[in-house]
Amino acid sequence: MSADTAASAPSSTTAIGGLGDHQASVSVPNSGHWWSRLLAFLGPGYMVSVGYMDPGNWATDLAGGSQFGYLLLSVILLSNLMAIVLQGLSARLGIATGLDLAQACRARYPRGVNLALWGICELAIIACDLAEVIGTAIALKLLFGIPLTMGAIITAVDVVLVLLLMNRGFRALEAFVIALLLIIFACFGIQIALAAPPIAAVLGGFIPRAQVVTDPQALYLAIGIIGATVMPHNLYLHSSIVQTRAYPRTDVGRKSALRWAVTDSTVALMFALFINASILILAAAVFHAQGRTDVQEIEQAHALLAPMLGVGLASTLFAVALLASGINSTVTATLAGQIVMEGFLQLRLPPWIRRLLTRGIAIVPVVIVTWLYGEAGTARLLVLSQVVLSMQLPFAVIPLVRFVSDRQLMGALVAPAWLVRIAWVIAAVIVCLNLKLLWDTALH
């Protein structure tokens, strides 16, 4: 199958996919300055990056920073580099074939395998949504005094926001997401400046150490960070939304589109690296440095920030960034859920039904755990959701790497051998870390 055939053959399938009318809806200039083409492709990478700084990251980063200082910064860096490689492969698949990852699985695997992969991916989305419900509910409580249980229920109405944005076009959706990302960036930039962490200690934290693997608690948090950073549904999402660009569906056009799409996602994920590292650095500089190694809950961190930093604004900025993170994650998770369901099952539900169904499943355990165990229970549930996400990663990564290394499917954009080897190493690292976690859990 040639590259042209690979991309054109599935057009009918893609037309009924998760993008609907948004496919090839964003124009791309064929001439002019390079920055005009870069701006045209700017967007999908930032939507994907939302998943790399959602409320689930906050819990694992806060726990890691307060308990182990700057030690786990190396894990954040590693997971971010892994994300850059995997998201680049995801964009490559979508641009080369015109299929998203879910559609490629449906085309290549037996029905039973597809149903299993779909079920696993839906569990990942629910785990992600669980983190968003908890994070947004906590932010509403911190800012407005709304009880956690009520805040969790209120999050169900976010479907209205998603529908309004989608009706205004894909660029409006991207602009909204980027605006909230800038708010998060500004909030943490100010907080880091207030905390004034020691530069040498921060830089030293990016150097990997054996303690990350030998200490079971550090490993548990490390896997949680990887699960919170490299999210399974993001691989499905990215392979779909890169197709919103109206680039020429030719070999030359696809190669150019891939270059700009990878640039977009790489820059966006470096942005996410700053946010994730900032959360951990803040916890290490403010809590760990003063002997508070027990800070694992977002509410606890919020309460301690102002008195320990001596600036009341710090806690408010923390809560505002958390709310922006929760809202942003809602938008992208809704889109990812639609893409996954339609790609695997060819089942198209109205977005509001799809969103209420997923959010309803996520709200129930939050309400029950909050009622039975209080706020401490929701904090543990938040970290657990990120470990669950990490356990499901191989089921998205392995099919992706197999597809992008298949010349018959990918044509001229087949991934080079060196890139495939790196991707398999990443897949092996994820699998080994998960097996180590299961072993330690069984022993303890």
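Indices start at 1 and increase along the chain as displayed.
Any Cβ shown, glycine's included, is placed from N, Cα and C.
Here Swiss-Prot flags 38-58, 68-88, 115-135, 146-166, 175-195, 218-238, 267-287, 303-323, 356-376, 381-401, 413-433 as transmembrane segment.
Taking every recorded stretch in 68-88, 175-195, 303-323, 381-401 and counting its Cβ pairs under 8 Å to the transmembrane segment (38-58), the highest total belongs to 175-195.
Long-range neighbours of the transmembrane segment (303-323) within the same chain, counting only residues 6 or more positions beyond its ends whose Cβ lies under 8 Å from a Cβ of the stretch, are 55, 58, 135-136, 138-140, 142-143, 183-184, 187-188, 190-191, 194-195, 282, 286-287, 290, 292, 295. Ranking 68-88, 218-238, 267-287, 381-401, 413-433 by CB pairs under 8 A with the transmembrane segment (175-195) puts 267-287 at the top.
Counted over residue pairs 6 or more apart, the CB atoms of the transmembrane segment (381-401) and the transmembrane segment (146-166) come under 8 Å in fewer than three pairs, which marks the two as apart. Most Cβ pairs under 8 Å to the transmembrane segment (413-433), among the stretches 146-166, 218-238, 267-287, belong to 218-238.
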